[in-house]
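Per TrEMBL, these features apply:
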{"type": "COMPBIAS", "residues": "56-72", "note": "compositional bias 'Basic and acidic residues'"}
{"type": "COMPBIAS", "residues": "108-126", "note": "compositional bias 'Acidic residues'"}
{"type": "COMPBIAS", "residues": "138-151", "note": "compositional bias 'Basic and acidic residues'"}
{"type": "COMPBIAS", "residues": "176-190", "note": "compositional bias 'Acidic residues'"}
{"type": "REGION", "residues": "1-196", "note": "region 'Disordered'"}
{"type": "REGION", "residues": "493-524", "note": "region 'Disordered'"}
{"type": "TRANSMEM", "residues": "232-253", "note": "transmembrane segment"}
{"type": "TRANSMEM", "residues": "283-305", "note": "transmembrane segment"}
{"type": "TRANSMEM", "residues": "325-350", "note": "transmembrane segment"}
{"type": "TRANSMEM", "residues": "407-428", "note": "transmembrane segment"}
{"type": "TRANSMEM", "residues": "461-483", "note": "transmembrane segment"}
{"type": "TRANSMEM", "residues": "529-550", "note": "transmembrane segment"}
{"type": "TRANSMEM", "residues": "582-599", "note": "transmembrane segment"}
{"type": "TRANSMEM", "residues": "637-655", "note": "transmembrane segment"}
{"type": "TRANSMEM", "residues": "684-706", "note": "transmembrane segment"}
{"type": "TRANSMEM", "residues": "753-776", "note": "transmembrane segment"}
Amino acid sequence: MPSSADDPLSSSRPSSPEPYTLSSPHLAPRPAAHAPEPGNERPPADDLDLPPPGLDETRHARREAKWPEDALLRTGEAGDEDGLLPYERDGEPVAGASTARQQRSLETADEEDDDDEDGEDDDDDLFSPSPDYSPADYTDHAPPHESAAARRERRRRARRMYGGGRHRHSRVFGAEDGEGEAAEDEEGEGEGAITVGDVGGVGEVAGLVMAGSLSPLPLLLPIACAQLGPGLFVPLLALASVLAWLGGVVIGVEGRYVGARSFPALASGVFPHRFKLHKLGEFLAAAFVLGGSIVRTALGVVAAAEVVVDLLVPERRRRDWEREIAVGVISLVWLVVPLAVPPILTALGLNSRYNPRRPSSSHYTRLSTVSTPDLALTPASPASFFTSGPSDPSPPRRPRWTALLRLPPWSIALLTWPLALLILGVRVKHLPLIAPSLSSIVETTAAKVHVPDLPSTSSGLWAYILLTFAAPLGSAHETFYYLSSLARPSSTSSARGAAGQSTASDPLDPPSALSTKREREREGRRNQYPLALLIGHGTAFVLHLGWALVGALSLSPPSSGAPFEPPTPNLLSDPRLPRADGWLILVRILVLAALLVQLEPDSRVAVGRARRAIRAVKPLPAGSGEGSERVRAVRKVGARCAVWALVGVAAWAVVGVPRLAQGGERQKKEVGGHGEGMMRTVEWALGVGIGGVGGCLVPAIAYLVLFHLRRPRAILLPSFPTSRSSISSSNGPDALLARKERQMQRRLSGRRIWTDAGVFGLLAPVGVVLVVRGTIALVKGG
């Protein structure tokens, strides 16, 4: 390091290293009164590559202006909120730029007023200043003595930031509402199935997607395959699976873009805030999630009730009202058992280890993390290196085999559905008068396509087309449930409020290695969710296809000349499957287990929505203590009772309405009587409602609004510059940043070309056809 006497630039440098601004033409030192916050300062003067006297300063300013883009491309995709670095303008640091949440609050504002409705997209409007702009107004940290009017104004400004809805999940607003962040995250589908402290990997989330798509639709697809024919059914099921994957990926992109963790928050970002229309959007989205969860749970209850009746009631004594009794019993049991078991275990002196607010071990705890290690190795005490068990007194360890009792529901579904399909396919082959030969299967398959009858029976075929699309798309209301269940790398979780941890990097690693490692982590996190959806929907497609083909072809007539009789809507209730056969009884037991364990995951999203609604009616008291715990307990019990009461009513309607519509005088069960209500409910609720509207139209409309109708979010420049003079200058560094901003916006829009093709070429057209044509066909068909 040369001395100051030998340094030709020593006269122009300050005596102490001071931070510099980007827009200063000569990189003049900032006054001490404007010292930046820790973590937001520029490098010292000794580390800056200052131009020698006489060097073209414009070229150096252009080189410095390139720094934000290089940092952005080094940390992640342009426009991703995780990769933004602190930014300074005009000698003023952006307030609160030390965290990604505060950085997001300075992104593009989408003002829902007349200036934004005119549709002008010129560059001047993109960087137009706000006369009353203050960086402190857009940060999460309010002044210590803030008045009520100032708080309302700050919250109004936060709501009108681009995307909206973000205020519903902000930490500061959760605290102001008297709940806190933990309670806010606990009571909605935003938290997902993996509780805090657990890790939800790609495989676990893929299992959730697979289990949510299955129950109980594999029992209904054989009749759709038999009516449409395998030549038409298989491509339609594959197309529906692709649409389900694409819709989930698009919803994830939109949620990350606006900072939403639930459908109501996404609706708040899509709907305009004029006349409080975003409130209407939040209500409709919450009703969609609540209704979809209740319908899926009711379908599972009805299917389980029909299997129970087939197992316990002899066929000669069977009546229709027995299914209604079974529906009521299953709903009551699933309402009472989760609430009654922990107190009963506590009264018996057993340690249930149950915490109603934050359970230490959830349904999704891995097998390897259930039991404690055999040896407690404590580095602080060398004498305890070989002591057995923990040093502090604790309850005796549970045997390792008890981990099987806490298997997640998706793992049970992954085991039972394929095993039941295998047993059914092998056993049906050996049943008399049912098993056809291979040649007859080929002939029957070719004869089932009914090409001449397609135009005259289009209304009837549309019902089965909706049933086919409902299988993969019927769980679209749980998209954010899956998205929030996916664990993020620790390097990006703290800024987004997920875990609050940071990556411990090796200080000996070179900067290039650390940058590459962070880039790989972020890229891996982005690709994990689409990969989990791909694995989950792919596995569900294979199982759906297997059940449909086995059920349709196994019950086909042995020769093409015999009259064709499709299976019943519920495959296991078909009278051609003997009730007394031991292998078929095992199949019914396996399917019953898969249906019952999936009831709790299906209802979890609805319970979370109900708890949010009850919170609006009965908020927590001002202090924290016994009163707050009592209110939380009442809220939990009330939400569960309300949801399962609605599930019981919906399940009874699915079973009882078709019987009442046929006159009510029929006592004996007729062929095809089982599953008719389920099939009609799936066609309307899952095919048209959840599948057509929620799975196709909602992602397409939100994508159109966010990425094409509204102006793009700023990447490099803040949304509210303090002055317009620097932008209007044609040779300053701010003009270079504006030029880079336009280039990166065009580059980012070019990267979305494949997403645009998928959304506007598949999701939107298929959604319109499913909703419009499906509704017309169902109304005409009765």
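Including glycine, each Cβ sits where the backbone N, Cα and C put it.
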Contact set, same chain, for the transmembrane segment (283-305): CB under 8 Å, 6 or more residues outside the stretch: 189, 212, 215-216, 219, 262-264, 266-267, 323, 326-327, 330-331, 334, 474-478, 570, 592, 595-596, 598-599, 602-606, 609-610, 612-613, 643, 646-648, 650-651, 654-655, 677-678, 681-682, 685-686, 689-690, 693-694
For the transmembrane segment (325-350): best-contacting stretch of 461-483, 529-550, 582-599, 684-706, by Cβ pairs under 8 Å: 582-599
Segment-segment contact (the transmembrane segment (684-706); the transmembrane segment (461-483)) at 3 or more Cβ pairs under 8 Å: yes
